[in-house]
């Protein structure tokens, strides 16, 4: 059974008198342990796809199964539960809270998942995993871009998510740091983590084992491939 | 857990915007301080009144006032001896259920003269019961006016503490000394305890036996008295007592009803009405101040939310529910108002001190009331909560995608 199954997913918005079909009949399976890159030009619908996969939005029609459960019509707080307990996010702009320490930022998903007991230990472990355990009391503003992104990855890992979604995770990094982050992602996948990266960068997409091409709200192709080839 | 960390976060948030938070607190600070100070003023005034009311016999006191006789008795009204000491003795004998009967002949303002000093006092000719009814007591070593003094028309005097100090330097030194007024010499037998009611009529007063007052200070053929009072054992006795008093006095007044028995319920009601109007008007002022304070907090919270839309988006993206965001912002508003409330209480202490120093003593002591502080604090919390609710709902409802994209 696939971790995520999308069947005929549509997402339509009304903009004034027009209906924008951001996604128009997408069917897609994502297996547990897969490493996929979503590619597509701006406005292709890949962001919308990300939002749906990330439980930040819901489809206009169609069915979405997560771990076998129908999650197409969830209440906002149920979606928040999935974000806190089942998903990890990595963003282009890191999205760390500037007034919280590194440790507090990393434990945030656990706080919202009501897992206070060993939250600090889990957060330290996650920071250790990304090589940032020497900076736990720092504020994000005191870190370099690469360091911030690693902290953000630690935050995405901390709740042991079923799926990590990375939205242009290397967009704000220099070459050296891109490499470092991608190495980290590769290693996570090797450990069995399911990971989806949305990117413009073909080099980044090369790391993935499958590629999902989106255009005009449609899936124009999925191909196996990536770094093995 | 979420609430705890929301509060910690709120404190931190205030720490990063100290000045802005202080500005938003000012309304609450002033509101609470005003509330506590106002309650202090009103309670001070009211407790002064209550003490005076209690001190003059309380609700159980009945007074026999002079009244115009009914029309049909007008022609024979002159046959009544009016209110005299006979009434006093008659009531004592014929109304056994009365706890105390008292009578008074007012001598009015007199200038007392000691060896070296002079002092104006309100001189009252009284019976011994007056001291019990009005709760006067003497300093150790002295005594109050007794039945025997009244019987013997003794020239003895009990001085108010303040007057004794003026006349003799030291209150205790007055005992056994003499003072004179209008050529009559009195021996000081007692000095009252210092008065704490703030009542002016209790601190500048001197008592002599009523018989002495009538004998030395009234017109030769005038044996009337000004005040005739009676204290009931219980409030329920008052109707029966009123009846008994009327029967008794109709005998001594030769059937002429030139008196009226008055109770003090109306006086008490008037006072309670006054108290209520004070509480409502001053409470209204404090409530408006607190409301304005609440609006200030709501305003700052709204501004803070538009600054922090992205933060809200991030928190939601990593799993915060609308409820979590709501709690966070309400907690922040609460923290502001609680700190404001505490500062307000501290400010109220200073304000009350200030009021004490500028307000005349006679208006009663401005009291710092713990109850008012408690209410002030509670109100500030309620105001904080209410002013946080609307901005917090706004924050909680932000769609996560839009909030994350917000620049």
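Cβ atoms are placed via backbone N, Cα and C, with glycine included.
The model shown is predicted, which means the values in this text are computed figures rather than measured ones.
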Segment assigned the feature transmembrane segment in TrEMBL (from B:250-277, B:278-305): B:278-305
Beyond the flanks of the transmembrane segment (B:326-352) by 6 or more, those residues with Cβ under 8 Å of it: 2-3, 6-7, 9-11, 13-14, 21, 24-37, 40, 293-294, 297-298, 300-301, 304-305, 315, 366-368, 373, 376-377, 379-381, 383-385, 387-389, 391-393, 395-396
Per-state residue totals over the domain 'ABC3 transporter permease C-terminal' (B:285-399) - DSSP helix, strand, coil: 99 helix, 0 strand, 16 coil
